[in-house]
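For reference, TrEMBL has these:
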TRANSMEM  85-107  transmembrane segment
TRANSMEM  119-138  transmembrane segment
TRANSMEM  175-197  transmembrane segment
TRANSMEM  209-236  transmembrane segment
TRANSMEM  256-278  transmembrane segment
TRANSMEM  290-307  transmembrane segment
TRANSMEM  344-364  transmembrane segment
TRANSMEM  384-408  transmembrane segment
TRANSMEM  420-439  transmembrane segment
TRANSMEM  444-463  transmembrane segment
TRANSMEM  483-512  transmembrane segment
DOMAIN    537-663  domain 'STAS'
Amino acid sequence: MAGNSNADSSPFYTISTATSNSSLPGMIRRGAQETTPLFVQDDVEAGPAQYGANTPPTGKRTKMFDSQFARKVRYYVPSIAWIPAYSFSLLGGDVLAGVSLAAMLIPQSVSYGTSLAKIGPTAGLFAASIPAIVYSFLGTSRQLNVAAEAALSLLVGQSVTEFRHAYPDAAPDKLGFAVATAIGVQVGIFASILGFLRLGFLDVVLSRALLRGFVTAVAVVITVEQLVPMFGLTALENQLQPESSLDKMFFLVEYVWTHSHRLTTTISFAVLLLLILLRTFKNCFKNTWWIYRLPEVLIVVVVSTWVSDELQWNQSGVEILGSVPISTDGTFFKFPLSSHTHPFLRGTTSTAILITIIGFLDSIVAAKQNGDRFGHPISPNRELVALGAANLVGSFVPGTLPAFGSLIRSRINGDIGARTQVASLVTAALVLLATFFLLPALYFLPKCVLASIICLFVTTLFAEVPHDLMYYYKIEAWTDLAMMFLTFALSIIWNVEIGIVVSLIISLLLVIRRSSKTRMTILGRIPGTDQWRPVTDNPDAQDVPGTLIVRIRESLDFANTAQLKGRLRKFELYGAEPAHPSEEPRRQPTRVLVFHMGDVESCDASAVQILHELLEMYQNRGVDLFIAHLRPGIRETFENAGIVKLLGPDAFYDTVGEAIAIVEGRYIDRQ
């Protein structure tokens, strides 16, 4: 049953750069409705199957049109299929999920745009609405909610801060809008290109340990960033300008006892404690839906704004949100690649690439988990295109933050009742209404309350760390632990960008190293039989003296064949067991070398050339060479490459047993 799949239970599916509310397991009992696809369909990745119900075509021209054009349109624009076939029985759940998510997203987006991205509330609010609308029509996931994310907003904020230091005379607001737009348009372009090039497999390249290290580092960085306004030290921070997160930690330790604002500090930690208590209270009433779905964040925002207005906290030194004009650098829509953004494009490219990769990884994990749970397929390549288009359109509104999916937020969406992207459309509409009509009502909202809200969200990122550390320790995954700590340390000591770039490079190098190591093993004879098994798995398997029988267990290409000579030399000297090159040889000198090539399905030109040189070297050493279990297609390649001529037709046999019989016969003749 998809609702009970491993996607929900595995701890690694919780790795996310999102800092949304904690998941709401058990909000709605999972029944047949969760695991039944919305529309009867085949897997969209398997061919021209549709994303929705379809009226049977009639007539020859209709069939041709349906099979050649309409199906492709429905494939690449899924909303064309599901909107006409939408069942109004799903409307209640979609609307309820949309309203609930909007209640969470509005204060969260204000916090991200103001406290993390250093731009303004509208940056986060527009990211939670405009890209979400575009994704609703192009995305393959029915529960994925697209909005600004904490880690990605932090990366934007770091770029904005760097450029403000580089251009101290520029208007801070206009510069922030231009930098965010430059990043957003590049994110949209990069994601779209990756999708069109069908590079959606990127989600399997990076290890979960690397992501865990990155997410944990982001959680620490965000916490440090938010402690500054929570203690009322923003003005002092702007004056001293500590750069790295480590510098900000020392800054807090040095000045928190002497320069913190007492009222601001009291408000901040009182609000954080209240949020934690409300969340704990809600968890005690999971079966009472109207209590469990209370938007505690929205309640705290409304109450703190009202109290701040009544008590005039701003006159006591507490920073408030103030007037927020719905202005995006002079005009609502503006072409993103203009003279305003051009000076910042080159300097933000690396940040945009990182945001694209991290955002896609987070989105595809969330999309696949919900796809498995609710029974619909996900196309990583079309997800890239949809996310790219969403961010491209969003970049036409200056200052809009990059928007991607969140595992936790999307899970909440499905738990409450979302079964189509109508839920995201409802959320986007409510966020837009709040942007234009609610912000004036938040004039007296203390900024330290927004920082406390972000700290609440960050706690979800720390929740999985102890479990993951123990898991990697128990299975002795030292490389993964090293990657996790390296990513974490570099992100804290330097910055998040350096941490993830270095870790990405190391991760890719490890992937290349592993892929370049040919998978092969030494075979031995099972006593009393003519069967040949790997000596590492069968202790009773016996070597033939002076004979090395090697089974190559994968296809050969330029990458994994380059180290074939060195691997075979180690086999000759030490066998299949690990050994240091300084040790004395453990095997007799090899007089006969037999290759079992039954698992080699393909062999590219570079591999054939390297193999020819290798066999010629062994032949010059006087080693007898045999090849068994060779597939017809590979034999034809060997004939064309001259390998058959080099070894002679008598070197090729159907089985290892036949080759060894010839070897033993020759040995008897020599005796």
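From the backbone N, Cα and C atoms, a Cβ is placed for every residue, glycine too.
Automatic, uncurated: that is what TrEMBL annotation is.
Per-stretch counts of Cβ pairs under 8 Å to the transmembrane segment (444-463) identify 256-278 as the leading one among 119-138, 256-278, 344-364, 483-512. Residue counts for the domain 'STAS' (537-663) under DSSP, split into helix (H, G, I), strand (E, B) and coil, are 57 helix, 21 strand, 49 coil. Away from its own ends, the transmembrane segment (209-236) comes close to residues 15-17, 19, 115-116, 150-151, 154, 157, 245, 248-249, 251-252, 255-256, 259-265, 268-269, 272, 317-319, 358, 361, 447-448, 450-452, 454-455, 458, 461-462, 464-465, 468, 472, 477, 480-481, 483-488, 491-492, 496, 499-500, 503-504, 507 of its chain (Cβ-Cβ under 8 Å, at least six residues beyond either end).
175-197 is the stretch from 85-107, 119-138, 175-197, 384-408 with the greatest number of Cβ pairs below 8 Å to the transmembrane segment (344-364). Scored on C-beta pairs under 8 angstroms, the neighbour of the transmembrane segment (85-107) with the top count among 175-197, 384-408, 420-439 is 420-439.
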